[in-house]
Amino acid sequence: MRSTFRPWLFAATTLLFAPLSWSQPVPSGKLQIKSASVLIMDEGDETVLYSKQAQKVMPIASITKLMTALVVLEGEQPLDETVTILQVDRDKTKGNASRLAVGTKLTRGELLHLALMSSENRAAQAVCRAYTGGLPACLKAMNAKARKLGMKSSRFADPTGLSSNNVATASDLVKLVVAASHEPLIQEYSTSEKLTVKVGRQLLQFRNTNSLTAKDDWDISIQKTGFTQDAGQCLVMRTNIQDRPTVIVLLNSFGKLTRVADARRVRKWIEGGVGTQMARAGK
């Protein structure tokens, strides 16, 4: 469930603007991770607890939407302003279904909420298109923000993540998660369990794509899921484990439930303590 953000601000700011030197993957004990690329970091002291191909550049699917939301919110356009879903917001390459028909009118805030919580592609496309200067300006801002955060291997070609040209490393995405966690609305929107919006005369209910947000035994302050055939199943989260702010990045999992199972394995491993003690000892 979503919790109030605990501000480890000094450490987080240091992380965002200082280059990080990732260690080799630490001995994992019984930790068995099926995701192809992984990074687990204690944000409080910036200790990398576990890494696996964390510098490999990979497609990131809808994890992209965290950057879309970050840039749109920093643009300070009114969240109560109405944005209309247009024909140009439809995906023309992968044919993804959407419950937001052309002509749907929602506020910018509602569209951001749906993009982060339910990974609605048309919602993300529309808010980026409605950005000051249009879609090109939004994408330019996304790539500029990536450079500012030190995400050296990241590239954004669209605001949804449907393009396989949207790429990053797991180590880059830790920086994105930390930056996004400073935005209270991204915390709120990404972790809410459901949202009902009025579309025409209908009330449509949307749910979170991450089932862990509905679990009482999880303390999640920010999250985003993603999936394309190229990227596989992806998940990033900032969650408190044993009262420590922990960032988890899981890329290219196979099987619909693998990313959730990997997240559970990570938490159990951290709670066990053996592997994390070895990480902090530099072994």
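Each residue, glycine too, has its Cβ placed from N, Cα and C.
Summarising the annotation, TrEMBL assigns active site, acyl-ester intermediate to SER62. Under the DSSP three-state reduction, SER62 (active site, acyl-ester intermediate) is assigned to helix. The local packing around SER62 (active site, acyl-ester intermediate), expressed as other Cβ atoms within 10 Å of its Cβ over all shown chains, amounts to 25.
Neighbours of LYS65 (active site, proton acceptor), defined as other CB atoms within 10 A of its CB across all chains, total 33. The active site, proton acceptor annotation in TrEMBL covers LYS65.
Annotation source TrEMBL lists active site at SER119. Taking Cβ-Cβ distances under 8 Å and a sequence gap of 6 or more within the same chain, the neighbours of SER119 (active site) are SER62, LYS65, THR209, LYS224, THR225, GLY226.
The number of other CB atoms found within 10 A of the CB of LYS224 (substrate binding site), across every protein chain shown, is 31. The annotation substrate binding site is assigned in TrEMBL to LYS224.
As annotated by TrEMBL, domain 'Peptidase S11 D-alanyl-D-alanine carboxypeptidase A N-terminal' applies to 30-254.
Per TrEMBL, signal peptide is recorded for 1-23.
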Mapped DSSP class for SER119 (active site), helix or strand or coil:
coil
